[in-house]
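Quick look at what Swiss-Prot lists:
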ACT_SITE  SER180  active site, proton donor
ACT_SITE  TYR203  active site, proton donor
ACT_SITE  LYS207  active site, lowers pKa of active site Tyr
BINDING   LEU18, VAL37, THR41, ARG47, ARG163, TYR203, LYS207, SER238  NADP(+) binding site
Amino acid sequence: MLICHQCLSSRLTYISNLGLNIAYRLIEQFTDDSKLVIVVTSRTLPRVREVVDLIKTYAEKCGKSGAVDFDYLLVDFTDMVSVLGAAYELEKRYDAIHYFYANAAQGVYSGIDWLGATKAVLRDPLDAVTNPTYKIQRVGVKSRDGLGLVFQANVFGPYYLIRRIIPLLAKGKAKVVWLSSLMSDVKYLSLEDVELLRTDSSYEGSKRLVDLLHLATYKELKSLGIHQYVTHPGIFTSHSFYQYLNFFTYYGMLFLFYLARWLGSPWHNIQGYKGANAPIYVATLANPTFEHQALKYGSATYRDGMEYIAKHEIDPTGMHDAYKYIRDLAEEWDIKLKDQITIGRSLS
């Protein structure tokens, strides 16, 4: 167990841009006599404060305010110096981490192809709201580090942080949970464009990389006592596209989601709370002796909204090449950040 600055026996949960519903369900599931410390991360302090206030209110509602404590960490996964700084802060503050959620979901969207969306809905409404290929994504967007922005935010940044804090995760016998997507098909990733700079499906490609990265690393982590899983939340309403919807299109989307569920789609969870089912299941309920880590665990619902866990096989095509690229890139950044490491140590 972790001894934190409050001198209480604690379990530390590191939340990487984690959706509130996952935090809520984690609080509900936590029944240990020890204290749960939730580390909220964001790029900005106002967002951290907002999230902490919401989680505190929920903990009080559940009657667990005394069992939950909070810390925060400012980190930008599209800035490698920031990622390195986050690793050092965690090393300074804590002895162990018990849960790590890698939930980055950066996209470079610029709108919706309404003509394409209309045609898709008329042609096959169920497929249109399950595989929405009419979202417009910008091509070639780089971070200030010169890397593909979506690749760095969703894949490389979180991977690099995990890699730097392996000792903390090992001490806590941690559960590392990656959030992938229902739309992480093989077709969205070209091994000639691992940084996703030449594709108009960079978000989906990044989630395909998450699947492959998990397959390539979970066995090595398991040998260190760290159990890693990959999950997806199904389909639910989120704030990411509200700016492109008006009153009519929002409720039209909601109607189609419920219609899809009624027609038999297991993936239209609709509420974010239900979408959080699989990420919580693998962290708190799954038995690592029996659960297969090579599978993807998805949040699913029956027609009546009853929740269940659905398991997927993951196509390993390209796993070794993708992992080699990411691993080699991490080693390059070790060298680039060498001076930052020296500076960080001299100031600590």
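Placed from the backbone N, Cα and C atoms, the Cβ positions cover glycine too.
The Cβ of ARG163 (NADP(+) binding site) lies under 8 Å from the Cβ of ALA330, each of which sits 6+ residues away along the same chain.
SER180 (active site, proton donor) sits 23 Å from ARG47 (NADP(+) binding site), taking the CA atoms of both as reference points. SER238 (NADP(+) binding site) sits 17 Å from LYS207 (active site, lowers pKa of active site Tyr), counting Cα to Cα. Considering other CB atoms within 10 Å as the measure, the emptiest surroundings among the recorded positions THR41, SER180, SER238 are those of SER238. Other Cβ atoms within 10 Å of the Cβ of VAL37 (NADP(+) binding site) number 23 in total over all chains. Comparing the recorded positions ARG47, LYS207 on other C-beta atoms within 10 angstroms of each C-beta gives the minimum for ARG47.
Cα spacing between ARG47 (NADP(+) binding site) and the residue listed as 'active site, lowers pKa of active site Tyr': 25 Å, rounded to the nearest whole number.
In the three-state DSSP scheme, VAL37 (NADP(+) binding site) is classed as strand. The CA atom of THR41 (NADP(+) binding site) is located 20 Å away from the CA atom of LYS207 (active site, lowers pKa of active site Tyr).
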